[in-house]
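Here is the structure we will look at, set down as C-alpha cells.
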Amino acid sequence: MTPAADGDDDETTCIRALELIFTFVVPMTLKATIKLGLLDALTGGGHALTADELAAAAQLPAEAASSVDRMLRLLASLDVVKCAPTDTGGEAAVRRYTPAPVCRWFAGERSLAPLAMFLLDDDYLSTWNQLPAAVAGGDGQVAFEKARGMPMFEYMGTNRRLNTLFNQAMVQQSTVVIGKLLERFQGFDGVSVLVDVGGGTGATLEMITSRYKNITGVNFDLPHVIAQAPSLPGVKHIAGNMFESVPNGDAIFLKSMLHLHNDEDCIKILKKCHQALTHNGKVIAVEILLPAIPEPVPTAQNPFRMDMIMLNNHWGGKERTEPEFAKLAVECGYTGVFQATYIFANYWALEFSK
C-alpha cells in the first residue's frame, strides 16, 4: 500500500526532491532491459509473460528471474510495461507483464533504443561530470571537450565503438522524424532540386526522393563522409564545406544542423545557402523549437533537455525559439515568408523563403 501525503506540503516537496535525485535509476534500468533483450522478448512474446518466462526468452540464467521482475515492476510503475498479478492461492502473487504503448519505441524497426544506448554509454555519459567546470570556466570549452580533450565530433573519430553507437542513434531518430515529416509537411511540393546540407551518407534524401520522384537530390557533406556514401537512385553526392559554399538548388534542407552552432556560424551557413538558392528558393530546416515559457509539461521539458545536451556537447550549440529563428532569417536576407510547421515529438519544419 502506498501512503498518501495527506496534503502535507513538506512531504510532497520532499518526495518530489527525491524523485529528481533518483531519476537516474529509470534510464539506467531501461538501458539494462534493452541490453539484456527483455523488451524485445516482451514485445515479441504475443502474450503476458512472467519474469521467469522473460528470463528464459532472453536466454538468461534462471537465477536472473528475480532481478528481471524487480526491473520490470519499476518500469510498470512508470507505465513503460503493464503488470497484472496472478493469484496463486495464498502464495505470493506472480506478476505477468505485457508491453505498454510506449514500449514499442524501445523495440522493433523504429526503436529509439540506439539513442538510449548512446546517451547512457559510459564514454558519453561521464562527460556530464565536467558540466560545472565548463559553466564556471568561461574559457569556451564545453563539458564534453573538457572531459575528452577535443570537440565531440573530433573525438568520435578516435572512438570507433562510440561513433558506431552515435551513428545508429542518429539514423533511427532521423528515420522516425523524416517519416513523420513526409506524412505531415507539404513544403516539398514543387521542388526540383533539393540539396541536403550535412546529409551524411544520403539516407534522408533517399527517403524524400523515394516519395517525391520529381526531385533530384544533392547530398552535400564533408569529403570523409561522402567517401562512405553509397550510390542512391536520384541522389548525387557532392563533397565540400558549408562554410565555404553550398551546391545550387531551389530548396536546401538542413536537418538538426543549426542547433549545433552559435548564432554567428548559423548566419554564415544560412547566407551560403541564400547564395546557392534560385530566385524563389527556400531553406527547409528541421529543428526543435523552445517554448517561450518553461512550463512543467513534457512538451516543454523535452526541448529544454535537448538544449542542455547542446550545452554539454557543443560550444555555442543551443535550441532556439521561433522568434529567434525568424530573426536569423531576416539577418541573412530571407525577405520572403518565414513559417514553422509542427511535425512530431517537438520537431518543426522551418521555411526560410528567399
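Cβ atoms here come from the backbone N, Cα and C positions, even for glycine.
Taken from Swiss-Prot as is:
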- His259: active site, proton acceptor (ACT_SITE)
- Glu287: active site (ACT_SITE)
- Glu319: active site (ACT_SITE)
- Gly198, Asp221, Met242, Lys255: S-adenosyl-L-homocysteine binding site (BINDING)
Inquiry  = Just to confirm: which same-chain residues, 6+ apart in sequence, have a Cβ under 8 Å from the Cβ of the residue listed as 'active site, proton acceptor'?
reply    = Glu287, Ile288, Met306, Met310, Gly317, Lys318, Glu319, Arg320
Inquiry  = Centre the Cβ atoms of Gly198, Asp221, Met242, Lys255, go out 8 Å, and tell me which other residues of that chain have a Cβ in range of the S-adenosyl-L-homocysteine site.
reply    = Asp196, Val197, Gly199, Gly200, Phe220, Leu254, Met257
